Amino acid sequence: MIIVTGGAGFIGSNIVKALNDEGYTDILVVDNLKDGTKFVNLVDLNIADYMDKEDFIASIVAGDDFGDIDAVFHEGACSSTTEWDGKYMMDNNYQYSKELLHYCLDRQIPFLYASSAATYGGRTDHFIEERKYEAPLNVYGYSKFLFDEYVRQILPEAQSMVCGFRYFNVYGPREGHKGSMASVAFHLNTQVNDGQNPKLFEGSETFQRDFIYVGDVAAVNLWFWRNNVSGIYNCGTGRAESFQAVADAVIAYHNDKDLSVEHIEFPEKLKGRYQAFTQADLTNLRKAGYSAPFKTVAEGVALYMQWLNQDK
């Protein structure tokens, strides 16, 4: 059996899809379906069982036997960068992760987990997986950073695979439930379908991010699992592209000559807490042996637009 926590969420459900595509269906999805809209991420996927997150945590703490587990993909977390309830964030993203990590270590189960580029904070260069480059801007980033630090202490003695991925700006299918935390591509497409021009924040021409297609993220996870590689790795494309490039790709898909980008005021609450530039350093990822290319914004957004608008 393979366990995917956060399996009804964005990246988790895409990992389930990638596993399905390789013939794996003996999958336990763990999630919190209080937001019932997330069920749509699972309707076309094949899984063996579903378990509520709270019940799962209780079982892990109790040391319950789940039978033979081939891997745990731990994608379950609070991923809101605007959530400031630190206790909630640390319970969800730190304590839960530690419990599950030790459960896997005790049983030599490969453990792959979601870290984040938010660990790097507001820096504009050297996005490298080393302590001296890490200074998160929000409590979400801090919770991810702290777990990475915990893993670093454990790794030298670990007898089984432990691997974390610092996801950069992920976009693609199955993120519709994320609301304001969904990708720029998702929001721009919604605006166009609502008869509006796509909107970007003022100053967006100076913002560049490392946008990575979710299918590429899932492929990285499965490769590292198959190859039994441990460590903490950036998961981005190694390219910084502009928000304008995302808007251009959305406009190109809709092929409407009347569409143009509108600029809106930058929100006060995000000032000083916003990553204006991200670009994954892929040196360690490539050294580990991962050689596959990553989609450009133009390529990935075009694929995503086809998926989003397939029923239109």
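Even glycines carry a Cβ here, placed using N, Cα and C.
Because the structure is a prediction, the values reported are computed rather than measured.
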Q) Can you tell which of ASN169, ASN221, ASN227 Swiss-Prot lists as binding substrate with SER180, HIS187, PHE201, GLU202, GLY203, SER204, ARG209, TYR274? A) ASN169
Q) Other than its own, how many Cβ atoms are within 10 Å of the Cβ belonging to GLU75 (NADP(+) binding site)? A) 28
Q: For GLU75 (NADP(+) binding site), just give me the three-state DSSP call.
A: coil
**Q.** Sequence-distant neighbours of PHE10 (NADP(+) binding site) in its chain (C-beta under 8 A, six or more apart)
**A.** ASN41, VAL170, ARG174, GLU175, HIS177, LYS178, VAL214
Q | Among ASN169, SER180, HIS187, PHE201, GLU202, GLY203, SER204, ARG209, TYR274, the record's substrate binders - longest CA distance, Å | A | 19
